[in-house]
Structures are given as structure tokens and as C-alpha cells.
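Chemist: To start, I am sharing the structure in question, which I have written as C-alpha cells.
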Amino acid sequence: MDVGQMQRQWIDYAKSLFLEGFLDGQFLQLQQLQDENNPDFVVEVVSLFFEDSERLLKDLTFALDQNGVDFKKVDAHVHQLKGSSSSIGAQRVKNACIAFRNFCEEQNTDACLRCLQQVKQEYCLVKNKLETLFRLEQQIVAAGGSIPTELSFSG
Amino acid sequence: MAAPSSSMHQHDLPHVLAVDDNLIDRKLVEKLLRNSSCKVTTAENGPRALELLGLTSGGQNSMNGRSKVNLVITDYCMPGMTGYELLKKIKESSVMKEVPVVIMSSENIPTRINKCLEEGAQMFILKPLKQSDVKKLTCQLMN
């Protein structure tokens, strides 16, 4: 595969992530912040997001496993996860967190457990997608090309 | 609010203190501000921010040889001291009350926004932060 084909593959893959709702406009904001001075900005922020989210998901699992669930604590964790997913443009994770917070308010343990499953699922999906995207980027750069900066959605 | 000097040496760049308990948000706001030619210090909570501003109950001089803060941007929802409480403490201090304070929040709650503006916040910004939000901020700051 030549660089041009790789770049087109990257564009198609990135577009699909937006069309399928995994990512929203905020992710484009992150990409626009990447430049020659900070060529790895997106990967760095997303890596932080992965670490932070995994910690929060662990804490949530623990908190919901307690006999007397502390819903304030659960809500605080979900609020954090909602914030970071929103800031990097992980739309589906963010939306799952919004639903989760409603059930925290209702203090409904069963519904919260279902929400946690949903959030975990969405997190895994977006993690896989982003890792794939980054792998495609690495291939392009290794072949001497550059990552397209314009994701036009015409047609 | 004093306008910064017109010469653009490193130490004349606006110095912003960004306060947020969320690590990802801190990294993002830092980059956005640096892209708008600001010097940035980050803090993860209100008490740490007050310490950096020299407003802790030791009452020491906020200058302390370090560069003066021209703007504070803080998240609203933080455990312990909220952004609103931090805003109040800054506005109550004799040394720092002229420093503009901007509040960020992911929640668009009119009563919350009004409360902050009434307490003297310069601006209220909805998260997630975008480059255009920060450009607007720094344009106002640099007059």
C-alpha cells in the first residue's frame, strides 16, 4: 500500500468514527491542537483518558459492589468520566455517563449496574477504534507520509 | 483591570492560573492557553490555587519573586472547594480582587451562571473548551 492509499484509508476510518457517533466535534478540536511543536498531542491526551477511565471504571465497580452503595461517590466518579470523555470527544461514552447519572440520582443500584456495563462497553469500543486509528497514523508516518489535517465531510 | 505592557517578551506574556480537578481537562486547557500565547500554571484544587496565588492564611506577598497571575480560569464543580468558593476568596482578598476570574462548567445552569457573574466572575464558559472560547478570553484580557 502506498502512502496515498494509507492516507485515504485513514480518512475513511476517521470519518466512519464520526458518522457512527463514536467521536464528535471535540475530537477535531484536539486534532487542531496538534502541530510540529506537539506532534503527539492527541495520542498523549487520549492515553491519559484511557488511564484515567480505567481507574474510574475500577472505582465504579468497587463502589457499586458495596453493601450500602454510596451514590454520591458513584455519581462523582461518573461525573469525572463524563467530563473527560466529553473533553476528548468520546460521544458515546459521554452519553452513557449522562444516563448513568440519572440513575445515581434515583439511587437505583440495579439500573446503575446496567449503566456501568454500558459505559464499559462503549469505553472498550472507542478504545479499540482509537487504537486502530493511531496504528494507521503510525503506518503513514513510518512510510514517510503525514496525517491528513482536513476531514471534509462533503458528499 | 490593568492592561499588560505592549512589548511581548517571555515574561510579559499573560500568566494564567488554570484550576481543574480533572487531569484531561487540565491538559487541554493548558494547551489551549499556550496556543493563545499565555504562560500557564495549573492547579488541581482550590486550596492549591490559593497557595499559588499567595492567598493562604500565612498572608504572604503574592509576588514572592514569581510572575504575577493575570487571569484565573477555574472549573466550577470540584470536590472540597468549588470554583465559586474559590472565586469568592479571590474577590475578597485585597491583593487579588482585581484579577479576572473565569468559571468553566459542563452544566448550563442559569442560576449557577448568574451566581458566579454576580460574585464578580468575568465570564462563564461551557465545557468542553474549544480554541475559539480561549481566543475570546485572551483577546479580552490583552485588550
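Each residue, glycine too, has its Cβ placed from N, Cα and C.
So TrEMBL has the following annotated:
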{"type": "DOMAIN", "residues": "A:38-143", "note": "domain 'HPt'"}
{"type": "MOD_RES", "residues": "A:H79", "note": "phosphohistidine"}
Chemist: For A:H79 (phosphohistidine), list the number of other Cβ atoms lying within 10 Å of its Cβ atom.
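Modeler: Around the Cβ of A:H79 (phosphohistidine), 20 other Cβ atoms lie within 10 Å.
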Chemist: According to DSSP, which kind of secondary structure is the residue listed as 'phosphohistidine' found in, if we only use helix, strand and coil?
Modeler: helix
Chemist: Determine how many residues of the domain 'HPt' (A:38-143) DSSP places in helix, in strand and in coil.
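Modeler: Reading the DSSP string over the domain 'HPt' (A:38-143) gives 92 helix, 1 strand, 13 coil.
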Chemist: Which whole number is the mean pLDDT over the domain 'HPt' (A:38-143)?
Modeler: 97
